[in-house]
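**Q** I'd like to ask some things about the structure below.
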Amino acid sequence: DFLCISLVNGFPQLRYNLGDRTITLQTLQKVHANGNTWHSLNAGRVGNEGYLDLDGINVTQKASPGMNALDTHTDFFVGGVSSLNLVNPMATEIEPTGFTGCIREIVINNRELNLTVTDPKGGANIGDCDGTDCGYAVCKNNGTCQVENSGFSCSCPREWTGTTCEQSIYCSQNMCGSHALCIPQPSSFSYTCACTLGWTGKYCNNKIKFYIAKFVGNSYIKYTDPFYGKRDLQYSRLSLNFTTTQTEGLIAWMGKSEDEGNDFLAIGLANGTLKVVINLGERISVPLMHSKYFTCSDGRWHFITVVQNQTCIKAYLDEELILFEDIDPQRKYTALNYGGICYFGGFEIGRKVNIVTTGLFQKEFFGKIKDVVLFQDSKKIQLMKAEGYNIHDGNSGN
């Protein structure tokens with residue numbers, strides 16, 4: 001399998017093969033080869049339907065029956081390859097040669113690559129394309145860069161300050177402690193402090209310990225499973241206790257959450273009832289809904305266990321089997337490749353649950369979580385030792 005973007009006689013070309021045949025798309029217009037015109041190129045595929053867009057003019061190859069997953073486990077190369085024999089003979093129209101020119105702002109599956117000296121895995125013969133201290137996007141938040149004798153200066157929009165317009169004016173005089181992030185609140189011309197795990201208070205100066213994690217809507221915990229490499233991913237299990245009075249919220253997300261192609265197992269509430277969603281591959285998310293409404297939003301503690309036995313999913317609520325389904329009798333994908341990452345209550349600050357989960361869940365979790373156990377482990381995971389923000393001590397007032 002491969003996916004390749006190349007230039008052929010001045011025309012950008014996309015070629016990809018998902019295992020059965022090579023599909024080729026070519027733009028309708030040539031690129032300017034004068035060395036001072038930037039072009040915007042969007043290319044990719046949904047299933048086996050490809051698209052190629054140069055400066056807003058789109059070419060689409062309609063899908064026909066066939067393979068629809070790209071199985072590649074190699075490095076991602078930009079501008080050239082370390083060895084030409086790595087290139088599939090079908091990936092380019094003529095013999096492959098390295099690219100000469102400038103490339104910036106590479107975004108793959110909504111994540112921008114850092115094109116710096118240190119971020120890539122490797123490379124050779126790469127120089128700075130801009131040639132000035134301004135470079136590309138040095139000034140953040142729509143600031144304007146100007147080259148000076150001593151380097152550069154940024155002219156910042158009204159609500160931003162700092163040498164690269166990186167700081168909100170609402171946070172420039174903040175009193176958040178060293179265990180906090182300042183979150184600007186432009187509507188009130190103010191800010192709030194987001195406390196790292198184990199700290200609380202208005203300015204995050206109060207140290208706390210907890211065994212019950214209390215989530216207040218802009219909270220999350222990200223736990224990295226130290227035993228991930230030894231897990232049998234065909235037989236996954238997640239159990240925990242939770243309590244809430246809300247009818248919507250993401251309780252747990254077992255998976256990387258970086259793009260919609262990642263495997264995951266998710267537990268949450270929708271319309272006051274329990275919702276379990278699982279994706280074992282190919283972006284096919286299978287939602288399973290508990291039929292009884294408003295059984296979980298009563299402010300009482302509830303015990304939930306979700307078990308994945310290859311493609312068979314079971315969910316127990318308060319020791320009662322409430323969901324049981326074989327989500328793929330064909331057994332095409334049977335392992336939950338969750339990447340050793342588990343989120344509780346939500347995602348990183350600034351990442352909204354409804355966007356990250358593409359509408360599967362609507363809101364962050366309001367409530368408490370305790371007694372989280374992964375797989376058949378004899379010990380509960382220590383939520384205190386994870387990463388997170390805005391978690392309160394839920395031990396009091398139970």
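Backbone N, Cα and C define each Cβ position, glycine as well.
Bear in mind that TrEMBL entries carry predicted annotations, made automatically and left uncurated.
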**Q** Name the cysteine that pairs with Cys129 in a disulphide bond per TrEMBL, restricting the answer to Cys102, Cys165, Cys171, Cys176.
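**A** Here TrEMBL pairs Cys129 with Cys102 via a disulfide bond.
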**Q** Of the residues Cys165, Cys193, Cys195, which one does TrEMBL pair with Cys176 through a disulfide?
**A** Cys193
**Q** To the nearest whole angstrom, what is the C-alpha distance linking Cys204 (disulfide bond) and Cys176 (disulfide bond)?
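**A** So the alpha carbons of Cys204 (disulfide bond) and Cys176 (disulfide bond) sit roughly 7 Å from each other.
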**Q** Take the Cβ of Cys129 (disulfide bond) and count every other Cβ within 10 Å, whichever protein chain it belongs to.
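**A** Looking across every protein chain shown, the total is 12.
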**Q** If we check Cα distances from Cys195 (disulfide bond), which of the disulfide-bonded residues Cys102, Cys129, Cys156, Cys165, Cys176 wins as closest?
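**A** Closest candidate to Cys195 (disulfide bond), judged by Cα separation, is Cys176.
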**Q** For Cys193 (disulfide bond), which residues of its chain lie six or more apart in sequence with Cβ-Cβ distance below 8 Å?
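**A** Long-range Cβ contacts: Asn174, Met175, Cys176, Gly177, Ala180, Leu181, Cys182, Ile183, Lys202, Tyr203, Cys204.
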**Q** Using all protein chains shown, find which of the disulfide-bonded residues Cys102, Cys156, Cys165, Cys176, Cys195 scores highest when you count other CB atoms within 10 A of its CB.
**A** Cys195
